[in-house]
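**Q** Structure provided below as structure tokens; questions to follow.
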Amino acid sequence: MTRATADRCSFCGRQHPQIAQLIEAPGRAAFICNECAERAFDLVKQQRKEAGSEFSLDELPSAKEIKAYLDEFVIGQDEAKKALAVAVVSHYHRLSNPDAGLQKSNILLIGPTGTGKTLLAQSLAEMLEVPFAIADATTLTEAGYVGDDVENVIVRLLQAAEYDVAAAERGIIYVDEIDKIARKSEGTSITRDVSGEGVQQALLKIIEGTVAQVPPQGGRKHPQQELVQVDTRNILFIVGGAFESMSEIARARTNVRAVGFGAEHKGEEKEEVRFLPEDLVKFGLIPEFVGRLPLVVQLQDLDEDALIRILTEPQGAIIKQYQALFGFQGVDLTFSEEALQEVAHRAKERKTGARGLRAVLEKSMTDLLFELPRDDVKEIRFEAEYIDDPLKALESKGLKKSA
């Protein structure tokens, strides 16, 4: 109950008109003013933040529990999920046991577009309830050049941590498209390389561990600006990329025809080539950068069966999302097996992995949703032929297609 009488705040003793509002405690002759309430809220928030900044090993899930959680969001990639789960558990054991002398194991994810690299990293952070930030390596530049300073990645993590520095310092950063900043040759360039080797050198500094001086709101540093210090030694860095020509480099080294991601099949040769640090250097990553990414995890290309499972099984699956949207319009949406197979087939042909699934369905779903709600449409069974002509699904309900 809000009061505007001569009653006083039980905390500061002030009354109207010194304060704008008094709130009465139910059933008691006690009051708190709006200003004291705001201070109390800030204090509670700060105490919760300080309590949450301490990472408790008791709350750390096992590697099997982490993989089981990832299984809910990412289809397939079992070996990659196992490797990630073990690496993450080891990383946070290291944080909880600083005297054990454990080295940080940052992670490199290699795999085609749409195989789940970003989703794996994001799901890990969500399960562990640690701050998480994503950066695109192609937008990063060396200090002094137009574009995002590498340290802006730390700013994003700090923002995700609601400016709790201690929480940010145990967070996870995912840098995508790392293969796009490979230098063009193994020889050292004599000219400035704004988007390649120079960015690798700048990233190397924060991955190795440094006390970054970052502007609290992002952007460029200014002489009069108060900076925030963030120690990056305990931040887990996961970097990812497609590395499309890596299989060729590995084949040249081993004389074995690779299978799986980037492979060409020939005869009965089925040995999978594992990428080595020397392959990454040959590709164009500088040796020092490769050395700070000791765990290399290879993701496999997705076949059509995996794409169908991605359509229907995970939390937030595309089919489930569309069924919810149609449900809001009073329509029960189902898909035939043939329709799912055709969507997966077309997505596979696009060579964009799981990302292609939504692109295949988007227009037909949009066209149908535009016509809803309708009193005579309570259910739709979506067939393969409707992908190119979605309004056919409504013709039996008497809808005439517009010209």
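Positions of Cβ are set from backbone N, Cα and C atoms, glycine also.
Positions annotated as domain 'ClpX-type ZB' by Swiss-Prot: 1-52. What Swiss-Prot lists as Zn(2+) binding site is Cys9, Cys12, Cys33, Cys36. Taken from Swiss-Prot, the feature ATP binding site covers Pro112, Thr113, Gly114, Thr115, Gly116, Lys117, Thr118, Leu119, and the record attributes it to sequence analysis.
Tell me about the setting of these features in this model.
**A** In the three-state DSSP assignment, the secondary structure recorded for Cys33 (Zn(2+) binding site) is strand. Residue environment of Cys33 (Zn(2+) binding site) contains 25 other Cβ atoms, counted within 10 Å of its Cβ in all protein chains.
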**Q** Sequence gap of 6 or more, C-beta under 8 Å: which same-chain residues meet both conditions with respect to Thr118 (ATP binding site)?
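**A** Non-local contacts for Thr118 (ATP binding site): Ile134, Tyr174, Asp176, Gly240.
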**Q** Tell me, roughly as an integer, the mean pLDDT over the domain 'ClpX-type ZB' (1-52).
**A** 78
**Q** Same chain, not part of Pro112, Thr113, Gly114, Thr115, Gly116, Lys117, Thr118, Leu119: whose C-beta falls within 8 angstroms of the C-beta centre of the ATP site? Give them in sequence order.
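**A** Close Cβ neighbours, site residues excluded: Gly111, Gly240, Leu299, Gly353, Ala354, Arg355.
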**Q** Taking 8 Å from the centroid of the Cβ atoms of Cys9, Cys12, Cys33, Cys36 as the cut-off, which other residues in that chain fall inside it around the Zn(2+) site?
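**A** Neighbours found: Ser10, Phe11, Gly13, Arg14, Ile19, Leu22, Phe31, Ile32, Asn34, Glu35, Ala37.
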**Q** Here are the binding-site residues: Cys9, Cys12, Cys36, Leu119. Which has the lowest count of other Cβ atoms within 10 Å?
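**A** Among the binding-site residues Cys9, Cys12, Cys36, Leu119, the lowest count of other Cβ atoms within 10 Å belongs to Cys12.
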**Q** Have a look around Thr115 (ATP binding site) and count the other CB atoms within 10 A of its CB, chains all included.
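**A** Its Cβ has 28 other Cβ atoms within 10 Å.
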